[in-house]
Amino acid sequence: MKAFTTLSGLVCPLDRANVDTDAIIPKQFLKSIKRSGFGPNLFDEWRYLDHGEPGMDNSVRPLNPDFVLNFPRYQGAQVLLARENFGCGSSREHAPWALDDQGFRVVIAPSFADIFFNNCYKNGLLPIVQPAEVVDQLFRECEAQEGYTLTVDLAAQTITTPAGQVFSFDITEHRKHCLLGGLDEIGLTLQHAEQIKAYEAARRQAQPWLFA
Amino acid sequence: MTAQTLYDKLWSSHVVREEADGTVLLYIDRHLVHEVTSPQAFEGLKLAGRGLWRVDSVVSTADHNTPTDHWDEGIKDPISRQQVETLDANIKSFGALAYFPFKDKGQGIVHVMGPEQGATLPGMTVVCGDSHTSTHGAFGALAHGIGTSEVEHVMATQCLVAKKSKNMLVKVNGPLAAGITGKDVALAIIGKIGTAGGTGYAIEFGGEAIRSLSMEGRMTLCNMAIEAGARSGMVAVDDKTIDYVKGRPFAPGVADWDAAVAYWKTLHSDEGAHFDAVVELDASEIKPQVTWGTSPEMVTDIDGSVPDPAAEADPVKKGSIERALSYMGLTANTPVKDIPVDIVFIGSCTNSRIEDLREAAAVARGRKKAASVKQVLVVPGSGLVKAQAEAEGLDKIFIEAGFEWREPGCSMCLAMNADRLQPGERCASTSNRNFEGRQGQGGRTHLVSPAMAAAAGIAGHFVDIRSL
């Protein structure tokens, strides 16, 4: 997994609540058997004026000039600022893959859907929960100031605004450890293989019908 | 010993080890695998030279990409076909307890197939790379959707890295009125707590109304726990659970049956167990539900009207309503009964089981599709559901009513195959999500129960099934 330590990145504000994973990456792109290449189809139905299908040359498709991701001032953004319940809907990991492929490393919102939130960590994408009033403030500042960047420090668990205001955020020790080190979680778990085998043997004894 | 909730019991019985910060390795009993969220996981295993930790935990089928007609012509879309063939190849090389490929008589939507095969059992942990895995909680199992990295993790280690959720009890008191289904209960709950109301919680559904639901109704309800934000929903085990499981292909055999049942009967919340949140609904107040917007919480009942954004004070909510009405092509204050539909979809992991088809057929019997309705699709959840429905003559009822009787699969719930809405088309759908573009770009979805969907197909607009 890709490591995350610190980032100073341009912020793109997506001012909608309940942004679902169908909106983040529409279903027709889920037919891919790869993990990469989803970036150009991130928010496809909002981002383009035509209907997108896999295999199209996205560079020649008509862009929706009213969609925030297409504004010249937000090109190259690495921090997505969002509203409540971001990432609701399906479990498709293609959603964080698409955000990552587009260049986003951080998503800040008042709340996230559980599965999406979890999927982000597996891909070196950092989802940060902040109180609604802080998110409101960041939206105001971001829209008022072109080139608005935020600095995120995972080790310190802080977000710093251009004016120097610092907000802290929560993360579990396990997730922080894995993200900072870019660790292979499967490899970590397999260090406990003997414990898993012992658990499994006891379970087989107690509930043999669960085993073929 | 302190009183435990059902979720507490399911969780603690699967903890392999726990870290100081509460992160645990949670043992997984059943891993359901389909073609969309597994190819990258199998690829990861191959790249790392890993195999499946436990082949007999995997049960698999192809469902999202499969066509629902002209099976003799195979899968025409080459990208869809490649994804299904990739699953075939992966199962062949990695193995599984059971695999129901495209066209197999046991093939079907993974959340219909699992329970009907007895591959979902009380007391299990069940995962799948699909958010509607919450369905299996209807059996007193701990079941939830996972992402593809976690699919690979479970394949390689039989465990998930997880943190315990909080406990929520949603209690639906009193008996349900006639004609009210699990779908109406689910939508009424989401209308009350919102699509993020269950975020961070595991929801147990209880109360007289829930106990009165059939296993199919409980599956519909738990299926939609995710639309309330909860990764898992569950219902305590009772005689209905045990009767449903008995005799299914992967259910315990005679030698283990009594011991299994004795254990399963402990799978309920203890008297006095602590819930972090309790939500109560009065069943008698639940009427047939219809969504009007682009989120399942945007719901009212058949006597209701489309809301007026002018009446909403919160600017974010007001904006959401305005955007939803614009997308849905609806005017504020329009009575739900005045909304016409173009298409009807009866199917999906929410509502494609035999009981759902019986309810739709009861409405369709002796009636005809409205001339203004372009298409009514009836898509059974699995090959076994299809065979059962045909044995009962339900297919003939649908065909005589002018409905289309199709092959099993996910179909127009998410429109990954050829079944999809055209821009602007309005659909009465028994599926689970009314998100923008969910059933086809520009398509407009209204979520309803199977009987309500069938009735809309007959009348050409929403009608109260209680008045039929």
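Any Cβ shown, glycine's included, is placed from N, Cα and C.
According to TrEMBL, the feature [4Fe-4S] cluster binding site maps to B:Cys349, B:Cys410, B:Cys413. Within its own chain, B:Cys349 ([4Fe-4S] cluster binding site) has B:Ile109, B:Val110, B:His111, B:Val112, B:His132, B:Thr135, B:Asn223, B:Gly381, B:Cys410, B:Cys413, B:Asn432 as residues 6 or more apart in sequence whose C-beta sits under 8 angstroms from its own.
Cβ-based neighbour count (10 Å, all protein chains) for B:Cys410 ([4Fe-4S] cluster binding site) stands at 33. Within 8 Å of the centroid defined by the CB atoms of B:Cys349, B:Cys410, B:Cys413, the record's [4Fe-4S] cluster site, lie the Cβ atoms of B:Asp63, B:His64, B:Ile109, B:His111, B:His132, B:Gly347, B:Ser348, B:Thr350, B:Ser352, B:Gly409, B:Ser411, B:Leu414, B:Ser431, B:Asn432, excluding the listed residues themselves.
In the three-state DSSP classification, B:Cys410 ([4Fe-4S] cluster binding site) falls within coil.
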